[in-house]
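Here is what TrEMBL says about this protein:
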REGION    30-66  region 'Disordered'
COMPBIAS  35-51  compositional bias 'Basic and acidic residues'
COMPBIAS  52-66  compositional bias 'Polar residues'
BINDING   N403, I404, C465, S466, D467, G468, W469, D470, R471  substrate binding site
ACT_SITE  C465  active site, phosphocysteine intermediate
Amino acid sequence: MNCATYPWMKLAHSVTIPCVSQMLSSNVATVGGGGEHDSIGKSTDSSDGKSETNQGSGPDGQLNRSLSFDGRRKVWARVEAHWARVTLDRSVPSGTANSADKHDPQGAIGEQPFYQRIRSWLTNNPQTQTYQQSPVMTKIENVRMLDRYNNRKPSTGTLYLTATHLIFVDPDAKKETWVLLMHVATVQKLPLSTVGAPLQIRCKTFLSVTFVLPRERECHDLYTSLMQMSQPFHIEDLYCFHYTSSLEEIPRTAGWTFFDLETEFQRMGVPNSNWTMTNLNKDYQLCDTYPQCLFVPSSVSTIVLVGSASFRSKGRLPVLTYLHKNQAALCRCSQPLSGFSARCVEDEQLLNGIVQANPNAKFMYVVDTRPRINAMANRAAGKGYENENFYENIKFQFCGIENIHVMRSSLSKLLEACELKTPSMAAFINGVQSSGWLRHIHAILDTSLLVARSLQEGVNVLVHCSDGWDRTAQVCSLAQVLLDPYYRTLQGFQSLIEKDWLSFGHKFTDRCGYLQSDAKETSPVFTQLVDCMWQLQRAHPSAFQFSERLLLHLHDHVYSSQYGTFVGNCEKDRLDLKLSDRTYSLWGNIASHLDEFLNPLYKSDAYTELLEPNLVPSNILFWRGLYCRFESGVHPRESIADVLLATRDHSTSLEMHIAHLQKRITAMKTLLDVSTPVTDNRLAVDDEDDEQQLGLRLKKSMQVVDDHPLSTSKSADSVFSDGPNIENSITSSYQLRREIDSVCIDWRSLRNIKECVCSTPFDHSSKKSHCWRCGEVFCTRCLDKQTPLPGHATHRPVPVCRACYREVRLSSSSITST
């Protein structure tokens, strides 16, 4: 469906235009001319005087689905008149009557977000086209998608714009390119060419695509739509509030109860005699960006805590985030409001209490992650850093990690180097070097290692930056990964993110650019954490339970807002939005695909102490798998991790099959022993005792077979009393054949597999999975079923394709009915 053909579809593009919102929210709108009026509440046809009562609801809550298409075109004529009076940049003068709508787009529309109403209207409109069950807002044909490595053969296909995705379909190459609208970072209209109007889209996942549209008007309409829909005004218009999982077995509540902050501290041995929990932040009264549950030194009073909070930026006072097994404490906070000479006795007492909470050390380190010049500049704004003359028993150190603005610029330069039109070795290396990205990664890792070594030596460490939610989160979490093997497991890493990023208030909504707000607040802070984790994984491949794929999965969904896990700037925001009741959790999604993220090289007992990476410059590498993951031709044909996972799964399947066959052989031997006459030339024994001994031996032998859930063998008692018969032998033979055929012995190699059986092409980032029954290779969409196989010794559900799933289920049903 094309906006040029059906202008009313442009309503979806005007979700933030105040006058449009007001007009659509009115009960009656005047459309057309010559005294003809259409009631929005009721549609009246002036030609025959018949009144048509509406049955559905439109995007304003009152527009109805029975309103004719012609009527909607008339509505748009009215909208277009208003459209001419507003600017496309959505700026409204502060003195106008509509200025409030700039900040509250729902103000004139009611409680329900306008975006949701547009989408609801589209969904309920029977004339709306769909693509893969998604209502299509715009359909543009004869679109070219350029490949910067092969401009001579661009892909030609159809472009679909839905409420959540931009989809390019190339029927000749049997290829689909899906772009999640929330992943869109920038949209740029390039100069017109002889073949059409180019539109370049860069994504937060580092996908960069250029579409050449046949007409400039279509390019402009698509540009406007993407700008509006990729960054909604209201937080409840985010994808997570409308997303519904396609897997029925995953409930909405899955994953939300995974983490509990008090339980995590109990794992560390807190509270104890030195550390206690305070309820001062109950209902977020002390600091609204901290969690309600805070752990502080047992020796400090309430007055000290309140005084320290008033002396720290945003009220983020020093609190415990990790207690090492040697009782060394890692604490975090924000910068003090010290200016050039101000001091706070309560803050000094709190830091002294932290020192005293560790009986093994007489001093503590205060690590300011900022460059010294930045911290000194903050003094002019009344902030700054701790004065060692006022704080006893502390050693102060700056570490030189740059601020969010430098990091944002650095990543932009790195991506420019990755997208060179004529790439050469010299140009790429110079581009990466001039971006400074790897230098920033090294600085974060180096600071984290400094903190980890200090804690390992038994000395307390207090970490802060400016506000304590960006660089502080990076350093504290990475130091714990280096120190504690638990945080190198999948469950532990999830707990670490929940604790040091979500609970302690990293501003995910602002840093990831979910909403239309200040662009200067966006920064790749979490991307740097993921990159640092990859550097550690590459240096110590057997130290982590999870693989690179989990890091990529996390990075994608942090920016997608598909799950409510990362929505909001702090714990209070997430509670106010009631995300656990209204959205899905990413942890539930990961739990349902756990096997995809496990590292086959992991050894739980290999690294039990401090993980010390060698941080020489040559060991800090460019992560091609993240920043160039969508580029074709630059990746190996086979991923080592995928091959190892496939080998592990294949070996597991064969081991379970061998165990099952051994059980069957044992059962067969027992049956043969029973049916064979026993000749004993020794002295005769009591026949009754002999019979009892044989019965006990048979029961013990057959117990293994009876434990199998799909076993059709008779119990030991019935076999001993009745003996085998022909009918049971036939049933057992059929069952054995079914069990043997249910397990594939030879799996297909992953090498040179270019597409799934459904014609979906595989690229470097695609997960290739085997069906455990037939051994073929499938994409994740085709391999979405799990069921136990009759030929396995355990009742564990394993991945199977849809065809094999139907056959196993049908076979099980026939056995049950027999």
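Each Cβ is built from the backbone N, Cα and C atoms, and glycine gets one as well.
A quick note: this is a predicted structure, and the numbers were derived from the prediction, not measured.
Taking the features listed in TrEMBL, we show where each one sits on the structure.
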| residue | record | contacts (Cβ under 8 Å, 6+ apart) |
| --- | --- | --- |
| N403 | substrate binding site | R370, N374, S466 |
| C465 | substrate binding site | S334, Q335, D368, T369, R370, I401, R471, T472 |
| D467 | substrate binding site | S313, K314, R316, S334, Q335 |
| W469 | substrate binding site | T289, R316, S334, F504, G505, H506, K507 |
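When the Cα positions of N403, I404, C465, S466, D467, G468, W469, D470, R471 are compared pair by pair, the longest gap among these substrate-binding residues is 12 Å. Annotated substrate site N403, I404, C465, S466, D467, G468, W469, D470, R471; additional same-chain residues within 8 Å of its Cβ mean position, judged by their own Cβ, are S334, T369, T472. In three-state terms derived from DSSP, N403 (substrate binding site) belongs to neither a helical nor a strand segment and is classed as coil. Taking all protein chains in view, 27 other C-beta atoms sit within 10 angstroms of the C-beta of R471 (substrate binding site). In the three-state DSSP reading, R471 (substrate binding site) counts as helix.
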